[in-house]
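Encoded as structure tokens, the structure appears first; notes follow it.
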Amino acid sequence: ISIGYLLVKHSQTDQEPMCPVGMNKLWSGYSLLYFEGQEKAHNQDLGLAGSCLARFSTMPFLYCNPGDVCYYASRNDKSYWLSTTAPLPMMPVAEEDIRPYISRCSVCEAPAVAIAVHSQDVSIPHCPAGWRSLWIGYSFLMHTAAGDEGGGQSLVSPGSCLEDFRATPFIECNGARGTCHYYANKYSFWLTTIPEQSFQGTPSADTLKAGLIRTHISRCQVCMKNL
């Protein structure tokens, strides 16, 4: 059944993801998280087709002024992309060395709208009655980077349910230099687990190291209504 709804899948690897069974692939591309220009961020919802650009560039946009003059790759604007599990580079990467670090994506034609459901627990939430599962993941909330700019995901969007958790799920690319790197000023924010009591007043401060982090990250499931 093809009705024209769009579903976006991000592989978080350098391989194009497959569309769910019965869905046609409309195009594939690279997983764009957000742009930064004039020190202001413009976010992309990872659940919408605009987050899957068919072609990759460290600087996929230019800017124009009121004097009818436009400039490309001439200042410190940036682009941010979902990344892969490739080993962290010691230095910024350029040219073809960038490719292994950029997540691939596919835009699929779906028969119904897909939603994300979050458990706020380490258990996988159930889809509503009459809905089926498309994938399970971790509840991705928001992100910040250079200049405290960033963005976030609507928690009903499939883009808020990433199949793979990592503390640094995206990479920064500098348009003028044509390089990409994981810088120390990038932060990711995730829904956390909440005790079974549905109302929590004062949380207890905690610091989580590798190996324990996933025990405090909310799980999610992307669901689609059965037709």
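Glycine residues also receive a Cβ, built from the backbone N, Cα and C atoms like all the rest.
Each residue in the domain 'Collagen IV NC1' (4-227) has a pLDDT score, and their mean in this model is 93. Taken from Swiss-Prot, the feature domain 'Collagen IV NC1' covers 4-227, and the record attributes it to sequence analysis.
If you look up Swiss-Prot, you'll see CYS19-CYS108 (among others) marked as disulfide bond, on the strength of experimental evidence. Counting every protein chain shown, 20 other Cβ atoms lie within 10 Å of the Cβ of CYS19 (disulfide bond).
Taken residue by residue with DSSP, CYS52 (disulfide bond) is part of a strand. With a cut-off of 8 Å between CB atoms and residues at least 6 apart in sequence, the same chain places VAL8, HIS10, TRP27, SER28, GLY29, TYR30, SER31, LEU32, CYS105, SER106, VAL107 near CYS52 (disulfide bond), listed in sequence order. As annotated by Swiss-Prot, disulfide bond applies to CYS52-CYS105 (among others), with the evidence given as experimental evidence.
All protein chains shown were included, and the count of other CB atoms within 10 Å of the CB of CYS64 (disulfide bond) stands at 10. For CYS64-CYS70 (among others), the entry in Swiss-Prot reads disulfide bond, with the evidence type experimental evidence.
Annotation comment: Swiss-Prot describes CYS127-CYS223 (among others) as disulfide bond. Spatially close to CYS127 (disulfide bond) yet at least six residues away along the chain are VAL117, SER133, GLN221, CYS223, judged by Cβ distances under 8 angstroms.
Annotated disulfide bond per Swiss-Prot: CYS161-CYS220 (among others), in sequence order. Taking the Cβ of CYS220 (disulfide bond) as centre and 10 Å as the limit, one finds 26 other Cβ atoms among all the protein chains shown.
All protein chains shown were included, and the count of other CB atoms within 10 Å of the CB of CYS180 (disulfide bond) stands at 25. Per Swiss-Prot, disulfide bond is recorded for CYS173-CYS180 (among others), and the stated evidence type is experimental evidence.
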Query = Whole-number Å distance between the CA of CYS161 (disulfide bond) and the CA of CYS19 (disulfide bond)?
reply = 16
Ask   = Just the number: how many Å between the Cα atoms of CYS173 (disulfide bond) and CYS64 (disulfide bond)?
value = 21
Query = Pick from CYS70, CYS108, CYS161, CYS173: which of these disulfide-bonded residues has the biggest number of other Cβ atoms within 10 Å of its Cβ?
reply = CYS161
